[in-house]
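Trainee: So Swiss-Prot says this about it:
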BINDING   27, 84, 124, 442  (6S)-5-formyl-5,6,7,8-tetrahydrofolate binding site
BINDING   231-236, 250-256, 275-278  GTP binding site
BINDING   235, 256  Mg(2+) binding site
DOMAIN    221-366  domain 'TrmE-type G'
């Protein structure tokens, strides 16, 4: 990413989807935006009004004719002069327009996330809002979209700014007691009240972190692993859940050697379902590796579906794991004398029990996620800094034998950690990581 702070260049990029398309949108931002208009359109449109103009190269050749909008600074997404050119979405048209823009002095193609990074640098958004926009663009389910919108709407920033202000106010009381202890207009010994306020804030942050676990599940998805002996019907179940033939189905035992994963959208919640190698004793080195991977994936699962053929000898065994495990009896169409041993009975041949199992999976996912609050930490970066904030608050509260100056310093550090979440203080080292998650043109 280019050096942040100066932004002498004017950047441009294709912001719409893959070509060819009905319409292609090219965005521009920077100090040369008006010059671009004068060169390519020979006119600057009325601000915020669509104008139908011909776009020309520097030698006067017409590139295309389309709509364009001019947005003068500072009331724009980036805070700079901005423009949009709406062209026909042919590959040759767009490539020619981009080439012409690249030939103009002071103009260059934007890097990934550079429009949003400029918006951050110019005070148009904080880091949590930028991260929310990245999540919104990446959202694939309704639940992920809602969560991303909550963050992008600024709810996190409001909460963290309020907490930071409470820390600053508390620290001001302590420093007032230090500096003006002999003055009559300073309340006597405000320290006790401050520690009580900090204790309440600490509990709020702890609760907030706990709610972040559910948000992380919604953002990253829940993981369901299908296990069982060879030919228990694992691959058939995966194919049903996926709605297509993902796994090879064969009478030959041990067909599945590696992990096969599909992504489901269950009520707006992303759920990753993994088919694994059949669990059994084997001399095959390749199959052994597959079984080891299956056991490793089980250890990371939120839910394990343990399948057993109901038509064969009953030998229900479940490996000891922390994840919740459901016993699923398969091949129900072939009968079975011990059906009460299993939580669900299914048949991929007749479809019996499959919709019931799918409904149960959705109910499990919804219960696991629960009700997401308006402001939750959605990134591990947030949680790490919140934990660091709590640690400094605890030092301040519990430091009875320490000078007030040191406890005030703990409070300063706590407010600084909160400021790092929103980008108000000392975040240069993480900017490249955050904004590289955006596509070019955003």
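Glycine is no exception: its Cβ is also placed from the backbone N, Cα and C atoms.
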Trainee: I'd like to know which of the binding-site residues 124, 231, 234, 235, 277 has the most other Cβ atoms within 10 Å of its Cβ.
Mentor: 234
Trainee: CB neighbours of residue 84 ((6S)-5-formyl-5,6,7,8-tetrahydrofolate binding site) within 10 A?
Mentor: 16
Trainee: Does DSSP put residue 231 (GTP binding site) in a helix, in a strand, or in coil?
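Mentor: Note: residue 231 (GTP binding site) is coil by DSSP, not helix or strand.
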Trainee: Other than its own, how many Cβ atoms are within 10 Å of the Cβ belonging to residue 27 ((6S)-5-formyl-5,6,7,8-tetrahydrofolate binding site)?
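Mentor: Around the Cβ of residue 27 ((6S)-5-formyl-5,6,7,8-tetrahydrofolate binding site), 20 other Cβ atoms lie within 10 Å.
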Trainee: In angstrom units, rounded to an integer, how far apart are the Cα atoms of residue 277 (GTP binding site) and residue 84 ((6S)-5-formyl-5,6,7,8-tetrahydrofolate binding site)?
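Mentor: Cα to Cα, residue 277 (GTP binding site) and residue 84 ((6S)-5-formyl-5,6,7,8-tetrahydrofolate binding site) are separated by 52 Å.
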Trainee: Between the Cα atoms of residue 27 ((6S)-5-formyl-5,6,7,8-tetrahydrofolate binding site) and residue 235 (Mg(2+) binding site), find the distance and write it as a whole number of Å.
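Mentor: Answer for this pair: 47 Å between alpha carbons.
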Trainee: To the nearest Å, how far is the Cα of residue 235 (Mg(2+) binding site) from the Cα of residue 84 ((6S)-5-formyl-5,6,7,8-tetrahydrofolate binding site)?
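Mentor: About 49 Å separates the two Cα atoms.
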Trainee: Reduced to three states, what secondary structure does DSSP give residue 84 ((6S)-5-formyl-5,6,7,8-tetrahydrofolate binding site)?
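Mentor: DSSP assigns residue 84 ((6S)-5-formyl-5,6,7,8-tetrahydrofolate binding site) to strand.
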Trainee: Measuring Cα to Cα, how many angstrom lie between residue 84 ((6S)-5-formyl-5,6,7,8-tetrahydrofolate binding site) and residue 231 (GTP binding site)?
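Mentor: Cα to Cα, residue 84 ((6S)-5-formyl-5,6,7,8-tetrahydrofolate binding site) and residue 231 (GTP binding site) are separated by 58 Å.
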Trainee: Helix, strand or coil for residue 277 (GTP binding site)? Use DSSP.
Mentor: coil
Trainee: Quick one: average pLDDT across the domain 'TrmE-type G' (221-366), no decimals.
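Mentor: Averaged over the domain 'TrmE-type G' (221-366), the predicted model reaches a pLDDT of 78.
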